Structures are given as structure tokens and as C-alpha cells.
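Features as listed in TrEMBL:
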type	residues	note
BINDING	Asn13, Leu15, Gly40, Glu61, Asp85, Asn104	S-adenosyl-L-methionine binding site
DOMAIN	20-189	domain 'Ribosomal RNA adenine methylase transferase N-terminal'
Amino acid sequence: MNKHIPRKRFGQNFLQDASVIANIVHAVNPQPDDVVIEIGPGLGAITKPLLAALKHLHVVEIDRDIISRLQTEFPAERLSIHAGDALVFDFASVAEGKLKIVGNLPYNISTPLLFHLATYGQKVTDMHFMLQKEVIERMVAEPSTADYGRLTVMLQYRFEMENILHVPPEAFWPPPKVDSAVVRMIPAPGRCGVAVDEALLEQVVTTAFSQRRKTLKNNLKGLLDADGFAALELDPGLRPENLPVEDYVRLANYLSGKGHKAKRP
Ligand code: SAM
């Protein structure tokens, strides 16, 4: 087979470090009958060892050249290739039951992809992703830190997350300019309360973080008045990063109770 030329626009940095690959597969812990979906199989660094442990594997890949290589290399009875964009892929369509999702994700689309994947919380047992280290630091951040933001709140609302492995640039070909890490995400619905209207929670969080340096009073103007802050026992002088996830859920539920509805696009 011809040598594949990595495509920057698809975030192609291929894993080549055998111990990193083994650590990821060990963390995923695939069992023969598990339904596993790999996002962006690329040249198969994780795909091959996953398939060695599984009866069948699903992959979602956008690059046509890579798709034809995968078709040549793996029989269709073992590997289902879903050709297309993971950002709009319906992960629930693959199986009736629960899924495991795994991937060394293209870094250029990691934030929108995480928001898309977050909607499958009910459908997955766990997800393991290689991402830029800074993104994982934002995902697992504590309140009142510089990394704590919209991504943190919306993912911690739905998942327990753990940074399980640091991966240096040399583990890839070509090496990326940044350090990477692997995150484990396990659905934990209700861990920070239950939002009556999740779309409203998302809007409230986006609005609260619209200007990080400003106070909640400022960012939530027109949404939450002084009485609202008092009823929720929240200090209007706090900044968005000071509020734990539970407080965002309380805030969204308070607004739902006052008749606010999420604006539909
Ligand atoms: N899993 C391989 C590895 O670890 O060596 C490749 C990882 S590479 C960082 C990202 C992979 O995702 C590439 O195969 C790329 O073509 C694919 N990809 C990029 N954008 C995608 C998208 N929107 N949907 C599906 N796959 C995508």
C-alpha cells in the first residue's frame, strides 16, 4: 500500500508509540461482545488491537483515502466503516444497547465533538479519548480555576471524568505541537442535580461565561435580578468560574420555575 500523507485539515497525527497504544486499549478494556465505536481510526493504531479483543468493531472516518485502506485491510464482517463526519454521526444508530466510544480525536474539532458526544450520555458505558492536554485540563477543572468554563460545567454535569494518561508529542507521527492526554468519561447522571430543561442549562452556562472577567450580575443581566440572586443565595459579585456545577443547575431550574424556556434555534 502507498504511504499515506497525513492531512492537516483532518487533524491527522497518527499514534506510533506501542506502549501508549497498549495503555489506551488496556484502559478501554474491550470484551469480545462489547459494542465499540472508534472515532477516526486513521491507519489503525488503536483499531487493530481493539479488533484483536472484539468480535466486531465500528469506526467513523471522514477521509476517503483512509476509508479505502481500511476496506482493503479489514473484512467487513469484523469492521463496520461508517464513512462521514463524526460531528453529525448518530452514535445511537449503531446498536440497541450500550456502547463504548473511543478515539484519538482530531484536535481541530475536539470541543464541538465533545458537545455532540455529551448528548449520548444515556447510551454509553464509557468513553476514552486522546485530546490536547489543555482540553482535558478544562474538562476536569475545579471551580475558581482558570481552566473552569463552559466545557467543564456541561461535561461535569453528565460525566465523571479522569485524566488517565499523559502522552508526549513524540508518540505521534507527525508529532503535534502540543502535549496530549487521555481522558476517561463515565456517565453519572444526577451527580450535580438534574436540570428540568437541559437546553436552558446550556444557555444559562453560555450566557454566564460570555465574559469571564465580568461578574455574574453583569453577565446574567436581564435573566436574573437581585431577587433571583437572593432566592438562590448567590453572591452577584461572583465571577462565572466561581460557581460549582450544582449552582448552575439550581440557577437553570429556578429560571425554569419562573417560566423561562430555552430559545430553540
Ligand atoms: N486513530 C488514529 C491513530 O491514533 O493513529 C488516527 C488519529 S488522527 C488524530 C484523527 C483521525 O480522525 C484521522 O483518521 C482523521 O482522518 C479522522 N477525522 C478527522 N476529522 C474527522 C471527522 N470530522 N469525522 C470522522 N473522522 C475524522
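Heads up, the Cβ atoms here are built off N, Cα and C, so glycines get one too.
Automated prediction, rather than curation, is the source of TrEMBL annotations.
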Site extent for S-adenosyl-L-methionine, whole Å (max Cα pair distance, Asn13, Leu15, Gly40, Glu61, Asp85, Asn104): 21
Least Cβ-crowded entry, counting other Cβ within 10 Å, from the binding-site residues listed as Asp85, Asn104: Asp85
Residues satisfying Cβ distance under 8 Å from Leu15 (S-adenosyl-L-methionine binding site), sequence separation of at least 6: Ile21, Ala45, Ile46, Asn104, Met130, Ala171, Phe172
